[in-house]
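Summarising the annotation, TrEMBL assigns compositional bias 'Basic residues' to 192-201. If you look up TrEMBL, you'll see 18-145 marked as domain 'Response regulatory'. The annotation 4-aspartylphosphate is assigned in TrEMBL to 78. Taken from TrEMBL, the feature region 'Disordered' applies to 177-201.
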């Protein structure tokens, strides 16, 4: 399993970040593909959650590519898709012993707090509101590129809604203007990103 994980999460210095983008909208797929390419990423786009699972080899189909042919550093998925939502795709990925370490970013045009919280609690790295901006893409990819190889995405802090003062990925993201602020209190806005959680192998 360690060898498979090494293949999936190559050292960042070895080349471009490879992003799997999932969206049922042709226009949105083109937009996110363009933003990722501007950010110097290699991009693979698919139009559904089931196609994403097939690409990753998680659909149980022996004819699919499988992890031995895939090197993915980041998955960006739309939330509202027919057949399988982005949340359901997120759960499938996080249930996989091979793919669970790969950061997943969920995107949506709907600013629904319960939906955002569910995705973050399930393990999403961040929840971005559409239209996704170049600054959103750059700070997500830059953070991953700055990670310590394949272990850079591991965190030791657990996300907390009541105590959000510990420096973390959330703190780093909150320094950048972000459209996802749902806070109605006078406290400083915090970007919708996963605080971190301890991953026990």
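Each residue, glycine too, has its Cβ placed from N, Cα and C.
Curation plays no part in TrEMBL annotations; they are all automatic predictions.
Mean per-residue pLDDT, taken over the domain 'Response regulatory' (18-145), amounts to 92. For the domain 'Response regulatory' (18-145), residue counts in helix, strand and coil come to 56 helix, 24 strand, 48 coil, using DSSP. If you take the C-beta of residue 78 (4-aspartylphosphate) and look for same-chain residues 6 or more apart in sequence within under 8 angstroms, you find 22, 23, 24, 25, 28, 86, 106, 107, 108.
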